[in-house]
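K.L.:
Features from TrEMBL:
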- 25-48: transmembrane segment (TRANSMEM)
- 41-290: domain 'G-protein coupled receptors family 1 profile' (DOMAIN)
- 60-81: transmembrane segment (TRANSMEM)
- 101-120: transmembrane segment (TRANSMEM)
- 140-158: transmembrane segment (TRANSMEM)
- 197-221: transmembrane segment (TRANSMEM)
- 242-261: transmembrane segment (TRANSMEM)
- 273-292: transmembrane segment (TRANSMEM)
Amino acid sequence: MAGANNSFSEDFILMGVSDHPQLEMIFFIVILFAYLLTLVGNSTIILLSCLDVRLHTPMYFFLSNLSSMDLAFTTSSVPQMLINLWGPDKTISYGGCVTQLYVFLWLGATECILLVVMAFDRYVAVCRPLHYTTIMNHRLCWLLAAIAWLGGLSNSLIQSTFTLQLPLCGHRRVDNFLCEVPAMIKLACGDTSLNEAVLNGVCTFFTAVPLSIILISYCYIAQAVLKIRSAEGQRKAFNTCLSHLVVVFLFYGSAIYGYLLPAKTSNQDQGKFISLFYSVVTPMVNPLIYTLRNKEVKGALWRLLGKGRELG
């Protein structure tokens, strides 16, 4: 086992699309553009949530948490992707790979929990509007956010550490854009059935269970929305909830496909592009989904720009 893990002191090679070198520059441009949009979009939401008093509500508190997580999520992997796509060097240090493994899994699990928390916030807002400010008080909001971040961290510490115990037998070529658990399991030269069982069990807990809770809560929300007499009230509630549901299906759909399929039998190319989707595309579209359909965010942005012009 000690000999098998000697490769831990060496660099890993992130293959990406190196088997199709003609595509590398196209991927570089697309990923760079998506990363810049992610930085601008999520930073804008965080800035607006902090500066605009009208957005000092539980909904935007959790949304700014989601945006902070998306910023860290992409920054943990995308810069290394861009470096590897730009030139012939496809390596990542052992320390960099391990850090990426822990951080990526931590933030991914955190988003699973945070989306449930956001669904609970919408449930209280729509189904218990008269008690909303009492239930969703400042203390509870911070407690729920802490549970999401610490729950994701606990999952990462257990699952990533367990994955790093696998014997690699000198295998260092990661057939992916980043170091993540399914890709690392594929490097192992020993029996990985226990790791795959743990991966499936934990991922079922962090995907299927939260997704079921979210869908059940939205069934109650739909019933409450249909009882609203005002057409304007129905439309506002529907738009807010639809934005959250789109984010939920984008994230959970790709995560379930990437993590719940058997690690050694799933298609290599499909796996790496799915991981690219939830590490690059989802964090980019999250702020677009929430801002394009949200008058409050757009209003806050115009007010901030208006103040900037006045100061100028």
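Quick reminder: no glycine exception, Cβ is built from N, Cα and C everywhere.
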K.L.:
Counting Cβ pairs under 8 Å that sit 6 or more residues apart, are there three or more between the transmembrane segment (197-221) and the transmembrane segment (101-120)?
P.N.:
yes
K.L.:
Return yes if the transmembrane segment (101-120) and the transmembrane segment (25-48) have at least 3 CB pairs under 8 Å (sequence gap of 6 or more), otherwise no.
P.N.:
no
K.L.:
May I ask for the residues of the chain that lie six or more residues beyond the transmembrane segment (60-81) and have a Cβ under 8 Å from a Cβ within it?
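P.N.:
Distant contacts of the transmembrane segment (60-81): 14, 16, 31, 35, 38-39, 41-43, 45-46, 48-50, 92, 96, 99-100, 103-104, 107-108, 110-111, 114-115, 117-118, 121, 141, 144-145, 148, 177-178, 279-280, 282-284, 286-287, 290.
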K.L.:
Mind pulling out the one from 25-48, 140-158, 242-261 with the most Cβ pairs under 8 angstroms to the transmembrane segment (273-292)?
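P.N.:
Selected stretch: 25-48, with the most Cβ pairs under 8 Å.
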K.L.:
Restricting attention to the domain 'G-protein coupled receptors family 1 profile' (41-290), give the mean pLDDT.
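P.N.:
Value for the domain 'G-protein coupled receptors family 1 profile' (41-290), mean pLDDT as a whole number: 84.
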K.L.:
Near the transmembrane segment (25-48), which same-chain residues lie under 8 Å Cβ to Cβ, leaving out any that are not at least 6 residues past its ends?
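P.N.:
Sequence-remote neighbours of the transmembrane segment (25-48) are 16-17, 55, 60, 63-64, 67-68, 70-71, 74, 78, 81-82, 85-86, 276, 280-281, 283-284, 286-288, 290-291, 297, 300-301, 304.
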K.L.:
Under an 8 Å Cβ to Cβ limit, what residues of the same chain, 6 or more beyond the ends of the transmembrane segment (140-158), are close to it?
P.N.:
58, 61-62, 65, 102-103, 105-114, 117, 120, 202, 206
